[in-house]
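Enquirer: Handing you this structure, nothing more for now.
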Amino acid sequence: MGTSSLSATSIPSSSLPSFGINNTHITTTTTTTTVASRKNGNHPRTLRVVVSVARRSSDKDVWRSTTTTASHKTTPSPASPRRTKVHFDQGVDAAALAASIAQTTNEQELFAVMSPFKTRQLSTRFLASLLSREQDWQRSIALLDWINEEASYTPNVFIYNVVMRNVLRAKQWQVAHGLFDEMRQRAASPDRFTYSMLITHFGKQGLFDDAFSWLQKMEQDRVAGDLVLYSNLIELSRKLGDYSRAISVFSQLKRAIAAWRRNEVGGCVVPDTVSYSTLLNMYVENQKFVEALSVFSEMKEAKRALDLTTCNIMIDVYGQLGMAKEADRLFWSMRKMGIGPSVVSYNTLLRVYGDAELFGEAIHLFRLMQRKDIEQNVVTYNTMISIYGKTLEHEKANNLIQEMKSRGIEPNAITYSTIISIWINAGKLDRAAMLFQKLRASGFEIDQVLYQTMIVAYETVGLVGHAKRLLHELKRPDNIPRETAIRILAGAGRIEEATSVFRQAFDAGEVKDISVFICMIDLFSTNGKYRNVIEVFDKMRRACYFPDSNTIALVLNAYGKLREVEKADALYTEMQEEGCVFPNEVHFQMLSLYGAIGAFDMVESRCLRGSSLIPTLTRKSCISLLPAFMKEPIDSTMHLE
DNA sequence: CTAGGGTTAG
């Protein structure tokens, strides 16, 4: 019968990424499905088997060896007592049963433990509660399989969510995909718990494409997000360096809040401390300090309690705004608010003092930390070294390196690049070079800032030969990662070297960081190498990285320069559908592209309809739009300056 | 009976 052909080996290993939902197999089992369904009068079980076998085929250890289908392929469970409403949960000790399950090492053992309950009616609620005690992903999958195949219960969304939780915590991404598909097929529709877990776990792992595709599915399913989810998405966008997307998510959040206020949806979207601080942080990252301040006061108005992290962020904001006094006041009032400042608070205030040239206060605070035995870390020392650099006390700065070492705090690349810059600014290039050589000789990993610092230093004092030698080394990077070499070469504008190292690294599968793609696109774009821009972009997409909107703007520009308006249009449309909000420059760029090929209808349909462009049109942009409007009179609602 | 979030130094 069908299922016997469904052993793990029959699932092609290439059936990713939809993971095992393989049409061939589903087709071959259709007949059995019908029979099975008729027999026990419920859902098609065989499909479940297909999915679960495929899912398990990725397992590696003992749980996999039991992927035999023989034991549970035919006989519908004799009990199948779904007609009766009587449950026997009461007599079952859930804790003891969970403990027995926890002892099993493979599926057969687990099935054996559960076998007495095939003939008894356990409620779905009981099963969910049983599962929620299990943390191991393989055992929870086995239990899910038992529920489905051995006992013919119908797992609900609670049960699936618990299994999903364990699978995600174990970073089993393929299994998660399979489980998700299975949920949908079995009508246990994913809910906001499911989506929230998927989006955050995939996002945390840097799998942004997946994370945003879950978001899309969530919206298609009309599942309302809540505040934490939106905080998460804003944070994801921030990590991607995509301010536009963050703003777009934020406006979605505001829409969700409005809907919630009108009682249209459930869930809770009232901003809390963490979501405020996420927003704060987003504004800080993008240098929007005034907006950050306004969020802070809105937060205080909303009577949200300040917590440690929010205070730390705000000390930083005040500092960046040149409001050292406020930063100082906030720091010293933390204890009164019942918040003990952490090492991060101290470090941030140290930096604020340094930026404000309040060196006396900084040194005083540092001494206080040492006297009162408040935790210090490498950031504390790096900040102080930089401050001694500003006060021109070079030897004191240098001594701090010895001090931190003696206290068991290891200097890092930031420590060394700080001190090297100090030597260089003090005109002591020899000391800088000596330290650099010593670091290289000791096998310390030189990162791009260290390299760049030295290269720039050599160039500044006219030692062009030394600078060139360093750059030359990077072409054949043996002791530094290729990604680092690429970033340095690109930063130094060495197109040919950067290109060749990038191609080597990409072919060797070594390009893991999205920023490497981006710096190559930047490099090619600023040098008018548009064909190369597209090449890197294609590689980036093939490697499943999600480009930020600035990068997309550069790629659109490249397509335009190459007169590939159709490709530009496809990308522009796709990214907007993905929720990407472009700066107006990008829209104008597209406008002029459409204009150049005389596609005036595109101007209307793609750029203007539903976009926020019209109220912001300036005289200059209106002039650039004129060709497009030649057919139509200019709308009087447009604001001409 | 199920879930998830934020901060410092070159």
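Every residue gets a Cβ built from N, Cα and C, even glycine.
Residues or ranges marked as compositional bias 'Low complexity' by TrEMBL: A:1-18, A:65-81. What TrEMBL records for A:1-23, A:60-84 is region 'Disordered'. Here TrEMBL flags A:156-190, A:191-225, A:272-306, A:307-341, A:342-376, A:377-411, A:412-446, A:513-547, A:548-582 as repeat 'PPR'.
In the displayed structure, how are the listed features positioned relative to their neighbours?
Expert: The average pLDDT the prediction assigns to the repeat 'PPR' (A:156-190) is 93.
According to DSSP, the repeat 'PPR' (A:307-341) comprises 23 helix, 0 strand, 12 coil.
Tertiary neighbourhood of the repeat 'PPR' (A:342-376): same-chain residues 308, 311-312, 315-316, 318-319, 322, 324, 327-328, 331, 334, 383-384, 386-387, 390-391, 407, 409, selected by CB-CB distance under 8 Å and a gap of 6+ residues from either end.
Sorting each residue of the repeat 'PPR' (A:377-411) by its DSSP state yields 26 helix, 0 strand, 9 coil.
Using a Cβ-Cβ cut-off under 8 Å and counting only residues 6 or more beyond its ends in the same chain, the repeat 'PPR' (A:412-446) has close neighbours at 378, 381-382, 385-386, 388-389, 392, 394, 397-398, 401, 404, 453-454, 457, 460-461, 466, 479-480, 484.
Sequence-distant neighbours of the repeat 'PPR' (A:513-547) (same chain, 6+ residues past either end, Cβ-Cβ under 8 Å): 206-209, 212, 240-241, 483, 486-487, 490-491, 493, 495, 498-499, 502, 505-506, 554-555, 557-559, 561-562.
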Enquirer: Under 8 Å for C-beta pairs, could you tell me which stretch among A:156-190, A:191-225, A:272-306, A:307-341 has the largest tally with the repeat 'PPR' (A:548-582)?
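Expert: Comparing A:156-190, A:191-225, A:272-306, A:307-341: A:191-225 has the most Cβ pairs near the repeat 'PPR' (A:548-582).
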Enquirer: For the repeat 'PPR' (A:191-225), how many residues does DSSP put in helix, in strand and in coil?
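Expert: Per DSSP, the residues of the repeat 'PPR' (A:191-225) fall into 26 helix, 0 strand, 9 coil.
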Enquirer: On the DSSP side of things, how many residues of the repeat 'PPR' (A:272-306) fall into helix, strand and coil, could you say?
Expert: 26 helix, 0 strand, 9 coil
Enquirer: Counting only residues 6+ away from its ends, which parts of the chain sit with a Cβ under 8 Å from the repeat 'PPR' (A:307-341)?
Expert: 273-274, 276-277, 280-281, 284, 287, 289-290, 292-293, 296, 299, 348-349, 351-353, 355-356, 358, 361
